Amino acid sequence: MAESNREISSVAFLGAGGLMGQPMARNLAGAGFEVRAWNRSRDKMEPLADEGVTLCDDQREAVEGADAVVTMLADADVILETLDDTLSHAAEDAVWVQTSTVGIDGTQRLADLAGEAGVAFVDAPVLGTKAPAENGELVVLASGPEEVRAAVEPLFEAIGKKTLWVGEAGAGSRLKLVANAWVSSVVEATAETIALAEGLGVDPKQFLDAVSGGALDLPYLQAKGTSMIERKFEPAMKLALAAKDTRLIDEAAADHDLDLPMLRTIRHRFAEGAREHGDEDMAATYLTSTPKAG
């Protein structure tokens with residue numbers, strides 16, 4: 001189908017108070033979009049008032065007449081609750097850009113809602129955490145109808161450094177689960193390696209030094225490993241959300257008859273850690289690996 005001539009100038013941003021949502025909304029406003037923001041806890045998005053963003057008291061106020069609706073909320077249930085009876089109030093020919101990680105089934109449920117509301121649906125989860133979001137350097141894993149792609153590209157340019165169009169809606173969410181499987185595996189492997197080093201009386205910094213600059217090294221390993229060693233867990237990606245993501249990964253694997261025991265174990269490790277450290281960075285999964293950590 002040919003691309004339409006729709007242009008996006010006004011954006012309703014739902015979930016503008018989170019670690020990801022606030023900087024994404026700020027960057028959209030900085031790129032010249034008229035951004036109307038909503039967040040369940042209004043105080044968390046208050047800093048945006050000084051960034052040219054209009055703060056709305058309810059989601060319908062934000063969505064009313066908007067050319068695009070962007071969601072960055074916790075999960076599919078929250079999004080459905082937020083947009084039910086609201087999405088249809090967006091502008092005619094509006095586009096819904098869904099950037100949260102909601103899994104395969106969740107994405108289909110949201111696509112169904114978009115269809116009922118007569119709104120084009122772009123499944124576009126993002127790779128990156130707090131710092132890339134702040135710097136406009138997210139990677140957008142976009143999927144959706146070809147006729148709206150040109151219209152949403154300026155949105156993606158405002159929040160990210162790269163956009164990958166990977167197919168029809170749903171393909172982006174599947175790729176995001178694959179990427180998150182790798183991220184969660186690296187974090188849990190790092191946590192257990194640091195815990196093993198400490199348990200054996202080895203300075204864990206020596207491990208990071210040993211692999212530094214070689215084929216086994218990763219910037220992510222160095223960053224998360226240092227966080228664990230220093231017991232500093234300022235959230236870039238909250239452990240509670242990482243636990244949600246690993247649950248979605250495990251469920252998707254089971255639905256496709258895949259036996260992935262390591263990822264299944266990581267799901268339970270993250271869930272265990274999130275019970276006490278859910279608001280800390282996902283590196284806090286380390287705290288479940290050693291009794292010496294407080």
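Glycine too: its Cβ is placed from the backbone N, Cα and C atoms.
Database features, via TrEMBL:
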- Lys176: active site (ACT_SITE)
- 11-167: domain '6-phosphogluconate dehydrogenase NADP-binding' (DOMAIN)
- 170-285: domain '3-hydroxyisobutyrate dehydrogenase-like NAD-binding' (DOMAIN)
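Residues in the domain '3-hydroxyisobutyrate dehydrogenase-like NAD-binding' (170-285) partition by DSSP class (helix H, G, I; strand E, B; coil) as 87 helix, 2 strand, 27 coil.
For Lys176 (active site), other Cβ atoms within 10 Å of its Cβ number 28.
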